[in-house]
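As recorded in TrEMBL:
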DOMAIN    B:554-576  domain '4Fe-4S ferredoxin-type'
BINDING   B:Cys563, B:Cys566, B:Cys569, B:Cys601  [4Fe-4S] cluster 1 binding site
BINDING   B:Cys575, B:Cys591, B:Cys594, B:Cys597  [4Fe-4S] cluster 2 binding site
DOMAIN    B:581-611  domain '4Fe-4S ferredoxin-type'
Amino acid sequence: MNIVIAAVGGQGAVLTSKILGTLAQNIGKDVKVSEVHGMSQRGGSVIAYVRFGDNVYSPVVEKGTADILLAFEMLEGARYIEYLKENGTLIVNTQRINPMPVITGEMMYPDDLDDKFKNLSINYIPVDALSIAKSAGTIKAVNVALIGVLAKNSSIEKDEWIKAIKDTVPEKFLELNLNAFEMGYRLK
Amino acid sequence: MTSNKFLMGNEAIALSAIASGVQFATGYPGTPSTEVMETLIKNAKKYGYYVEWATNEKVALETAIGASFSGTDTIVTMKQVGLNVASDPLMSLTYLGVKGALVLLVTDDPGPHSSQTEQDTRSFGLFSNVPVIDPSDSKEAYKMTKYAFELSKKYETPVILRTTTRVSHRCDDVLVDDLNKIPFKTSGFSKDSRWAIFPRLTAERHPVLEALQNTLSEEFSNSNFNFIQGTGKIGIITSGASYHYVVESISNNKHDFSILKIGTPYPFPEKKVFEFINSVDCILIVEELDPYLEDQTLKLIGKLGINKPVYGKYNKYFPCCGEYNVKLVLDGINKVLESLNYEKIKFSNVIDTQNVNVPLPVRPPTLCAGCMHRTVFYGFKKVSKEFEKKGIQTIFSGDIGCYTLGNAPPIELIDTCICMGAGISVASGISKTSKNSKNVAFIGDSTFFHSGIPAVISAVYNKSDITIAVLDNRTTAMTGHQPHPGTGKTAGFEDTKLIEIEGILKSCGLDFVKSVSTENLDECINVSRESIEYNGPSAVVFRGNCVSLVKSKLKCRVDTEKCTGCKICFEELGCPAIVMDRDIPNITSNCIACGLCVAVCPFNAIINEGNCYEL
């Protein structure tokens, strides 16, 4: 299983990769997680990889091989869409966050991404994760709301997902995050 | 007893250091090395060892040397460019050797993801005669850190533990020992002429040092960290992260290949490599950064008069720059297979990649909404335009930190950036040689303590007409908010003396030293102008809070009645919290009410509006 997490710096991609890594470890898989942080934390484009299976060597997902692309923002979903294999699943937060070239008016934010995604040979799941996170109590829980949607679309038991979140998220943010997970999971 | 933990490479190194009985840890933050010290700091009280952040990497290594001379087992951490700063003590230390173990963690950054250089610390080991251990994942990082401590003690030599970003920031299952409180045991310093380097001592020690390299090469040839996998006739020599890319590339064609995985690149385990070369028909060398293994292998082949083809970076089978991955490694292997008339290996699963076929705007890192640096840069930009009208060019030398982002549009203020502490000295050099220019050097608080101070003294001493702008947000922001001497807190966040930057500047002989709060744009502009106009060296400390440490519930709002849609706030500030909603700016929830847009709006159309922050 190859998962790519695409996000804007500060949206919690690293924590998400840790939750997914812990999940895979808890269910007895060989798992590798790789992320790059530093400069990109300041609102830049961020990518993290989670790979698990019977034997996994490289921690990096190659282009055209991802089973799942978990995108925290539309433009970042489009940027890393080439990682997805044919008939792979794109779970994307429909939120738009303008990057600097859009803010300064140098470029337009592409407004037809939704149509573009619909026309690809992929399993496209758009989610308003920002609204879910807000009603769960914090906009910071966009990541865990999306994990809820991912859990619903996976064959791994729900309890394992909850355990992985409990194992990874600090105690004081746990309740908010479990709320966000539950709301993402129950989304129709 | 042991247990299985899912750990980042850097966490594995820290826990292994604790399991090895480390008693003293120091370093300077730098991506991707920082989490080693952070994990050590978090656990210091529990396991009873000492931790500190040093002001720079040279100081860190020298402090660690002192601890080691006292018989204490130490670890010192830095990123690869930090080793450049620490190279002076390292080059001497190698002759003297150590008493307590001294393990030097250095992280390389192929890509680079967040560094100025793509330098290779394995080559630094060769240059300095310091053994280098090179793990490929968290499991190996754990085992090899222990080995590094053992090796350092056994041979009384410093040992470099070298990782790359994909090893430091990769998570794996690791078998971790149950950790126990470390009893503080140190022999203390005993006086001995061996600790004071002199030309005569160097001459005496140099042959010993050279002999040690041969001993280590022998030991490494028998080490399990250099192992052969498979019996195929196509040989691949590899190390670090590349090892896993190789294994995955050939996983369906294993019978054709054999792999020699090198875990101890310096001193080169020649006997082991010779044994391997003898067993294969040709040799591929797969490694990121320098052609280090390739150089060593070519040297060995030349020395022994072996006639077997070597495929590597020099004959362009593999790229000499950038980060590797499975696809890239497989491409190189396939090129070799093609020239050997073998069938190429197919990359499993790959189908044509998906594409949305529209140009996508890039998303570079930016200064946060409400960042104090934006206010300072905006002020200086205004002032530089005034000087431009008078025919005077204003040149801005930058430095390393979040404020390097001041080179990005729309601010685009930073003209030079070299390395930590260079801004002030570069500005001095330009001021002496570029006529009709005014020179401003930006430097952050942590960088000021790191390596800014000697440059300040040199500028004063040499009467340079420059302005030093210290951007003091009271933290080391870029690497994750470590404390420094200007914060009044130690690594473990205990109270300590707060060292005032203004006091240092004054005692360096600067007559013009002012402090300004970045909450007041007009004052920032006035002081910036005054400091540039001042004849001779001047300094201003701009002080504000790092927004990622201050939780603000305040927010600004646009009065749509008053707003004329002039877009000044939007176009000139490049604030991530200001977005255009048709022709009128809208302020989003990441606003922290820094007030900069309120101050720049010519129509008073932005209001600082109390407590209305959404969750």
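All residue numbers here begin at 1 and follow the chain in the order shown.
Every residue, even glycine, has its Cβ placed from backbone N, Cα and C.
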In whole Å, how far does the CA atom of B:Cys594 ([4Fe-4S] cluster 2 binding site) lie from that of B:Cys569 ([4Fe-4S] cluster 1 binding site)?
13
Spatial neighbours of B:Cys597 ([4Fe-4S] cluster 2 binding site) among the binding-site residues B:Cys563, B:Cys566, B:Cys569 [C-alpha, 10 Å]:
B:Cys569
Near-site residues: [4Fe-4S] cluster 1, ref B:Cys563, B:Cys566, B:Cys569, B:Cys601, CB cutoff 8 A to centroid:
B:Val558, B:Thr564, B:Gly565, B:Lys567, B:Ile568, B:Phe570, B:Pro585, B:Cys597, B:Val600, B:Pro602, B:Phe603, B:Ala605, B:Ile606
Looking at the binding-site residues B:Cys566, B:Cys597, B:Cys601, which one has the fewest other Cβ atoms within 10 Å of its own Cβ?
B:Cys566
So which one is it: of the binding-site residues B:Cys563, B:Cys575, which has the fewest other Cβ atoms within 10 Å?
B:Cys563
Measure from the Cβ of B:Cys591 ([4Fe-4S] cluster 2 binding site) and count the other Cβ atoms within 10 Å, all protein chains considered.
22
Closest to B:Cys575 ([4Fe-4S] cluster 2 binding site): which of the binding-site residues B:Cys563, B:Cys566, B:Cys601, going by Cα position?
B:Cys601
Least buried by Cβ count (within 10 Å) of the binding-site residues B:Cys569, B:Cys594:
B:Cys569
Can you see whether DSSP assigns B:Cys597 ([4Fe-4S] cluster 2 binding site) to helix, strand or coil?
helix
Any further residue of that chain within 8 Å (Cβ to the Cβ centroid of B:Cys575, B:Cys591, B:Cys594, B:Cys597) of the recorded [4Fe-4S] cluster 2 site:
B:Ala369, B:Gly370, B:Cys556, B:Cys569, B:Leu573, B:Ala577, B:Ile578, B:Ile587, B:Ile592, B:Ala593, B:Gly595, B:Leu596
Report the mean pLDDT of the predicted model across the domain '4Fe-4S ferredoxin-type' (B:554-576), rounded to a whole number.
91
Kindly report the helix/strand/coil residue split of the domain '4Fe-4S ferredoxin-type' (B:554-576) according to DSSP, in that order.
6 helix, 5 strand, 12 coil
Quick check: of the binding-site residues listed here (B:Cys566, B:Cys569, B:Cys601), which one has the Cα closest to that of B:Cys591 ([4Fe-4S] cluster 2 binding site)?
B:Cys569
